[in-house]
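Quick look at what Swiss-Prot annotates:
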| type | residues | note |
| --- | --- | --- |
| BINDING | Lys141, Glu178, Phe179, Asp187, Arg211, Ser212, Asn213 | ATP binding site |
| BINDING | Asp248, Glu260 | Mn(2+) 1 binding site |
| BINDING | Asp248, Glu260 | Mg(2+) 1 binding site |
| BINDING | Glu260, Asn262 | Mg(2+) 2 binding site |
| BINDING | Glu260, Asn262 | Mn(2+) 2 binding site |
| DOMAIN | 104-287 | domain 'ATP-grasp' |
Amino acid sequence: MKIAILSTDPSLYSTRKLLEAGEQRGHEVYVIDYLRCYMKITSMKTEVIYMGKSLKGFDAIIPRIGASKTFYGTAVVRQFEMMGVFTANPSLAISRSRDKLHCLQLLAREGIELPVTSFAHFTKDINSLINTVGGAPLVIKLLEGSQGIGVVLAETYQVAKSVIEAFSGLNANFLVQEFIEEAGGADVRCFVVGDRVIAAIKRQGTEGEFRSNLHQGGTAKKIKLTPQERSIAMRSAKAIGLKVAGVDLLRSDHGPVVMEVNSSPGLEGIETATGVDVSGKIIEFLEKNLGKGPLGDRL
């Protein structure tokens, strides 16, 4: 196969591992900076142009789109889709996953358990907004945040009120969410490829830190999922339309609840903690869907 990894930085662990996995299986793999691509859109011919040359003959792409570059990145993915190129994650699914509110709405529609969440534009009645999620302590999240940035734990009503007023004053869109205290600053990352959960880790925040993101200094260890956790992870990825996804769960007193569905989950933390060749599993997924196995299988 001829595969393009859409990434702005070829030195990133995830990008390097995907490149190595593809090449080890005999495929022709390129790292393409999607921000340097431009698109030719006509009724006669659709093209993606990179460094002055039309990108032709690709069988598949693996999008690794940065959160702050979602609009342009998904436009490039969509252009490849129009050219008939298979994508590990569809452009629409990536867009859904990046819109935290839309993502939660889609999950709720499928009956998937979530923390009680509230979203509002008119914030004069802050007391009612806070009470909607059960009062303080509660979590306030910027819709545009990622990797734990823009997430605040408000432990008292007064702190919650102050943060909401500050975000409102900045015209920022934010969610107010129930705080799952019993999770103890830990979450579960389930890595979904195709229709399977191939690996899972428990991420624990540093002492005094409720955010468990590895980017915030958290630690990770391999865990075994319950059948319920495995099912909810697969259902969540399917609800958003993702084929490669990191589904983040919290273990609450009433069962697992979904916090987020990530369309470009990092590979380093989960591969290091579990020993699972996640990169190779993603390449195998492309092979399965395109009917083109490793080069050795075709010689």
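Note: Cβ is positioned from N, Cα and C throughout, glycine not excepted.
Structure with Swiss-Prot features highlighted.
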{"residue": "Lys141", "record": "ATP binding site", "Cβ contacts under 8 Å, 6 or more apart": "Lys100, Gly150, Val151, Val152, Phe174, Leu175, Gln177"}
{"residue": "Glu178", "record": "ATP binding site", "Cβ contacts under 8 Å, 6 or more apart": "Pro115, Val116, Thr117, Val133, Gly134, Leu138, Val139"}
{"residue": "Asp248", "record": "Mn(2+) 1 binding site", "Cβ contacts under 8 Å, 6 or more apart": "Asp187, Val188, Arg189, Cys190, Val258, Met259, Glu260, Val261, Asn262"}
Quiz item: By a simple count, how many Cβ atoms lie within 10 Å of the Cβ of Phe179 (ATP binding site), its own Cβ left out?
Solution: 20
Self-check item: Surrounding CB atoms that lie within 10 Å of the CB of Glu260 (Mn(2+) 1 binding site), all protein chains
Solution: 20
Quiz prompt | For the domain 'ATP-grasp' (104-287), mean pLDDT (0 to 100) | solution = 90
